[in-house]
Amino acid sequence: MIVFLIKRIGNAILVMLTVAFLAFLIFRFLGDPVEMMMNESATQVERDELRARLGLNDSFLVQYGRFVVNAAQGEFGLSWRNQQAVTTLIAERFPATFELVLIATFISLVIGIPLGVFTAIGRGRWWAESLQFTSVVGVSLPSFLVGILLILTFSVSLGWLPGYGRGEVVPLGWWTTGLLTSSGRAAVVLPALSLSLFQITLVMRLVRAEMLETLRADFIKFARARGVPRRSLWFRHALKNCLMPVITLTAMQIGNLIAFALVTETVFQWPGMGMLFMQAVTFVDIPVMAAYLCIVSFIFVVLNTVVDIAYAVIDPRLRKS
Amino acid sequence: MSRISRILLAGVTLLAVAAPAAAETFRWGASRDIGSLDPYSYGDSFTLGVLNHIYEGLVRYDRDLKIESALATSWEIVSPTTWRFKLREGVKFHNGADFTAEDVQASLKRAADPKSPLKGNIPAYKGSRVIDDHTIEIDVTENYPLLLNDLTTIYIFDAGWLKDNNAEAPTDVGAGVEGYATYNANGTGPFKVESRQPDAKSVFVKFDGWWDKPVHNLDRIEFSPVASDATRVAALLAGDIDFTDKAPVQDIPRLEASPNVKLLEGTDLRTVMLGFSQRDQLISGAPNPMKDLRVRQALQISIDLDLIQKRVMRGKSRNAGTLVAPPIPGYDAALDTPVKADPEKAKALLKEAGAEGFEFDFNCSDTLVNEEQICQAIASMWSRIGLKPKLDQGPRAVQTPKRSGGKVDVYTLGWATLPMLDGYSLTSQVLHTKEGTFGIFNWGGWSDKEFDKLTEASSTELDRTKRLALVTESLKVARDHALMIPLHQQPLTWATTDKVADLPLMPDNLPRLWLVKK
Amino acid sequence: MTAIAAKPRASRLARLRNSDLWWSFKRHPSAVIAAIVLAVLVLSALFAPFIVPQNPYDLAALELLNAEIPPIWHPDGQWPFLLGTDLQGRDMLSAILYGSRASLIIGAASVAVSLTVGATLGLVAGYYGKWADGLLMRVGDVLLSMPTMLIAILVSAIARSLLPPGLREAGASAVIVLAISLSGWVQYARTVRALTMVERDKEYVQAARLIRVPARRIMLRHILPNTTTPLLVTATLNFGLGILIEATLSFLGVGMPLEQPSLGTLIRIGNQYLFSGLWWIVLFPALQLCLLVVSINVLGDWLRDALNPKLR
């Protein structure tokens, strides 16, 4: 077990070092920071001075080493555009994105699981098949279109819900939350729905597939033979068996959702990390781009590693590979 | 039935929640965020205009864009290169500190620092001397007629506050240190900063100790950038914002039709123009045919300004024949006759110059009103006289380095002559040969001796009438030589909800909310 | 000669007709409809230059006077602009068909690139194992630790700032294909690798090795055919995904340029005009995009179920 742990964590560290290397390449070789920072009328001497101060004359490896050490301490330098520490900027935006992703995940489970069960037990009936078909449509709709559609319907035509921003937020220490104010709660509805649509269909399809498989398993057949009522059969016995994959999927998808949130955040002007990143892309704010890449990958890798380890704890057979 | 009414009720409750908490909160939905709270970190007019609610200069523009006293009460020219300012007494900063000459000196030093992006706004500044607590002398490098205009955007910091927070020098991104003034503010203006979240919301609250008598009745300004045109319009229609300084021209009919929205329309001081590289080579390395006047004229007369005005600008822009707008000193109506489109003549000129069908890069950004659409329309008009423009469309941050680095063939530019409000701003910074403080925005790299001589003559002429005559003459040369070609003055389209009263629409496109009633 | 050549083809068709797959296809009306819709969309996109009145990529063909004409059934509609025109006088139908062509080509090219690269690397890694395998898995780990969308945006944004202006427009679609394939190949490589490792130890492969069949031949002729079923399903679904990513990139402004609008670019422009009554600028490209991706995914979905023995 310990060998497995070390191997798995070592692998994660290796992956992160490589991601950091890629981020560093972007950071170092894209858009000359000196050109971006200097005034147009700066002289060559001033440029060289700044170059030296930024450590751009050091050897490649020294610069990479410095980048990794700084990144590990959460130091990504200053944003060229906002002139603020990138870490602070991202920390300020993180709660917004996290709340959005969390609520989207919640919605996807609350809607996705029952739908999955229904489509599984109604397999072959018209309503289950049309639900299944609708789920394909759900996977196929680009999330920016869904966002536009939601804004057009609920914000523009009906005027029920706000179509941009986060509403009033309440600070809780370094965290900010919009869930404690009514305007904040109203503001999160549309973006969370838009972000969760894809995830709903994913959960629904997974639950359906797992349910179909479980319903064929022997213990279900025995239970049915024993006369266990069908409802309890579906929801108690079969569904319980499907939950583990659903939890795994949900955990692994959080990283993806954070990345996908950048589309949603752009459409809804949601002041999260994704919007920060898209603005950095627009303004070629390289430090922010590099930092975002590192942080999202870090979340991804941590979640994957934790899931792997958790599985190994539950199922010792997996430790071998 | 009951379910529907319940949903409706829920909607109404939500709307009620979204409605203002207090009537005196003014919610401003802008198309973009300000760059920083530090007025010396970005030289753009919009950021400076917003920060004018927090900070003030020695002088300011009144409702008619005439200079009036602000933190200085009077001034005199002691010698051709020295100005003496009497400062207002009893002015307090937001932190309670008194306003004195020391503050002015520290601010000027900070703004003119070699690392300051704002130093171009006071090109003639040499130094200053504190005479007493409320008198200061400012030295300029030469006879300089436009010092007061420049000082309108040199906002005054509190010297002690700068010192205490280690912010005496402008923020140096290269040093890797965050500027204190980037996220904190302490001015003398009518509002003080309560909070700021970049790209989300900045809140300004009324400053009770303001020296001037407030005309406004606002307690709070909530400034939020809403980049998407459609979303901003939706927010205004829903009453989620009270005001936007950029109502998209294409949405004007819809806004006009809404009973709760008031539209304020005018013509911006900003003139949109095109510039041409006059270097020996195009960026592709091919010889540059645009050094030939006939080619530049062909490019000009192939553009159908009327069609652009009617279609792209929806009849809201004002076609221009000269490079500055009518209210700008130095403007001459005789020069302001828009050039008529004549594609056949354009083709003939190109043939004469032997430049048929040449390929060039057309650098466009996204900051002007409908710029993407204007550029596409112009590119299509040029294509129709057989040229091959390659449209290079990108955000300002990407395009500006290319432009200032001379890596463009044809480019767009919008110039409002802010904060100087004088034709000299354009002739000296945009059209003059690039040398010293001149021609910083001469991105095409041209050098027109005849033009330069006139501009230099105007730079030291203290007599206003003579000086403006020189500016006008140089604008005529610019027109005759087709150094740059004017397209139009942009429309100004502000929109407010009907609750807002007395918002003066200013042609410099800068809202002055201390004049607003809600 | 011709008779001999024609015979196997006929028998192949006959084989398809008699196959389980065809039987299943006929029994799934949604799959049949999707296939028909997709065929119409693909054909109309491929032959767009012969169908539509205008080349929307030719700036000289655009006439600002014709801008913002509503669809033909509207009282202000004008022939030949069936679906109206956009802000530049670009015929919407032409723009949509050309845009779909761009989407389809980018989607297909990204699948082709990912599939080729992924299958090759997967075969090699699975067959030889050892360090080749370790390297492949690590590279895959790194790429999978960054979300596809993020990589695509980064690559596109970076390419745009690096490429010279002339190449940027011309190479826009190539950049997007690269951006999608960069992480797309991993999935194929992993699938092929896993199956190769299983097949590698089977007796027929061992036998082939003993009689000195070259490794390349073993891999291509004997192992690869075993992987076609899962690859086919993955490829179909990734085809749809590629189109979606391209549309998203273009919508975010880091995809296809304004002069060569793809469906995503058209929606991005139209989105700014939601209130101006110009609904046709955004509605038709959006519908086309949905139709395209939905039909591909319905087919992919059916294919996955039909080829999955567990679900029969």
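Keep in mind that glycine also has a Cβ here, set from the backbone N, Cα and C atoms.
Listed in TrEMBL:
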- A:94-307: domain 'ABC transmembrane type-1' (DOMAIN)
- A:12-31: transmembrane segment (TRANSMEM)
- A:100-121: transmembrane segment (TRANSMEM)
- A:133-161: transmembrane segment (TRANSMEM)
- A:186-207: transmembrane segment (TRANSMEM)
- A:246-270: transmembrane segment (TRANSMEM)
- A:290-314: transmembrane segment (TRANSMEM)
Exercise. Going along the chain, which residues at least six beyond the ends of the transmembrane segment (A:186-207) come within the CB cut-off of under 8 Å?
Worked result: 99-101, 103-105, 107-109, 111-113, 115-117, 119-120, 135-136, 138-139, 141, 143, 146-147, 150-151, 154-155, 161-163, 165-167, 178-179, 239, 242, 245-246, 249-250, 253, 257, 260-261, 264-265, 267-268, 270
Seminar exercise, completed: Sequence-distant contacts of the transmembrane segment (A:100-121), meaning Cβ under 8 Å and at least 6 residues beyond its ends, amount to 128, 131-132, 135, 188, 191-193, 195-196, 199-212, 215, 234-235, 239, 242, 246, 250, 253-254, 257-258, 261, 264-265, 270, 272
Problem set entry | Surrounding residues of the transmembrane segment (A:246-270) on its own chain - C-beta under 8 Å, 6+ positions past either end | 96-98, 100-101, 104-105, 108-109, 113, 143-144, 147-148, 151, 163-166, 190-191, 194-195, 198-199, 202-203, 206-207, 210, 277-278, 296, 299-300, 303-304, 306-307, 311
Seminar exercise, completed: Same-chain residues at least 6 beyond the ends of the transmembrane segment (A:290-314) with a Cβ under 8 Å from one of its Cβ atoms are 1, 4-5, 8-9, 11-12, 15-16, 19-20, 22-24, 26-27, 71, 76, 86-87, 90, 248, 251-252, 254-256, 258-259, 273, 276-277, 280
Problem set entry | Long-range neighbours of the transmembrane segment (A:133-161), counting only residues six or more past its ends (CB under 8 A) | 115, 119, 186-187, 189-191, 193-195, 197-198, 200-202, 204-205, 260, 263-264, 266-268
